Amino acid sequence: NHTLLTEFVLSGLSSRPELQHLLFFTICLVYTMTLTGNLLICMLTVHPTLRTPMYFFLRVLSFLDISTASVVVPKMLVSFLSEDRSISYVGCVTQLYCVVFLATTEWYLLAAMAYDRYVAVCSPLRYAAVMNTRACLSLVLLSCCGGKVVSVVQTAWVFTLSFCGPRRINYFFCDIPPLVTLSCTDTSLYEKQLISATALVILTPFCLILLSYACIISSILKVSSAESRHKTFSTCSSHLTVVTLYCASGTLIYLQPKSSNSQDTKKILALVYTTVIPTLNPLIYSLRNKEVKEVLIRVM
């Protein structure tokens with residue numbers, strides 16, 4: 001006999017009562033920084049002097065970062081101050097769909113940004129023709145379509161599993177690994193599918209990003225100006241740092257959904273890509289940029 005499941009209960013980041021207020025203020029501060037930094041980038045990059053493909057992609061990236069944090073963090077903040085940590089079945093489905101869609105879209109967008117930098121450095125004379133408005137919009141649209149396909153397939157597959165055991169999710173939001181752990185049916189086929197999807201969604205774009213930057217670095221080494229080399233190397237290293245963080249956290253979480261890794265470890269990794277990286281992106285990609293600083297000073 002199966003009862004109709006109408007809600008789940010999220011355990012949150014920590015079950016220790018003495019840490020709840022500290023975690024609330026810490027995450028609230030990080031969320032405020034995320035919103036402030038990314039909204040600032042969205043406003044600054046519409047300035048006439050910053051209407052280039054690179055800043056267009058940065059504006060879309062900032063919007064995705066705001067959306068990702070807003071899907072996860074508000075519910076988490078409420079759980080720190082409330083004893084009621086339940087989330088409805090429909091709410092859990094919606095949250096999982098949004099998280100997978102936004103994370104996948106952002107990952108594909110990072111690959112598109114690497115391609116943009118590759119064209120700018122390796123084919124500067126053809127840059128305006130290759131990265132025109134239509135091409136930029138097409139890359140963003142393809143990223144969104146890829147995210148939608150992955151999120152629909154993964155969400156539909158997860159919620160075809162039977163949840164006849166405990167309804168408590170040992171996580172701070174609805175994600176694939178903790179939901180698979182709750183299932184009382186054989187999930188071996190789904191786990192194989194998830195490994196294949198992870199390799200396709202994360203590792204393939206990561207290899208393309210590395211290939212793009214290998215070509216960029218090869219071109220930079222041929223430049224005689226030491227200042228130009230240093231500036232481009234700095235941009236590449238910053239971008240690759242965030243990409244590596246994103247790739248590492250995603251693969252460690254999704255390649256082994258029922259692994260022996262501690263669930264607390266997976267919580268920390270999930271916190272990195274849903275909360276920490278959206279806060280770092282404005283600092284790494286934009287606010288260190290001389291052109292963005294000049295526009296910010298002019299606007300202020």
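Positions of Cβ are set from backbone N, Cα and C atoms, glycine also.
What TrEMBL says about this one:
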TRANSMEM  22-44  transmembrane segment
DOMAIN    37-285  domain 'G-protein coupled receptors family 1 profile'
TRANSMEM  56-74  transmembrane segment
TRANSMEM  94-115  transmembrane segment
TRANSMEM  136-159  transmembrane segment
TRANSMEM  195-221  transmembrane segment
TRANSMEM  233-256  transmembrane segment
TRANSMEM  268-287  transmembrane segment
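When each of the listed stretches 56-74, 136-159, 195-221 is scored by C-beta pairs under 8 angstroms to the transmembrane segment (268-287), 56-74 comes out highest. Taking every recorded stretch in 22-44, 94-115, 136-159, 195-221 and counting its Cβ pairs under 8 Å to the transmembrane segment (56-74), the highest total belongs to 94-115. Most Cβ pairs under 8 Å with the transmembrane segment (195-221) belong to 94-115, among the candidate stretches 22-44, 94-115, 136-159. Distant neighbours of the transmembrane segment (94-115): 54, 57-58, 60-61, 64-65, 67-68, 71-72, 75, 87, 139-140, 142-144, 146-148, 150-152, 154-155, 158, 173-176, 179, 201-202, 205, 208-209, 212-213, 239, 242-243, 246, 250, 273-274; these residues of the same chain sit at least 6 beyond its ends, with a Cβ under 8 Å from one of its Cβ atoms.
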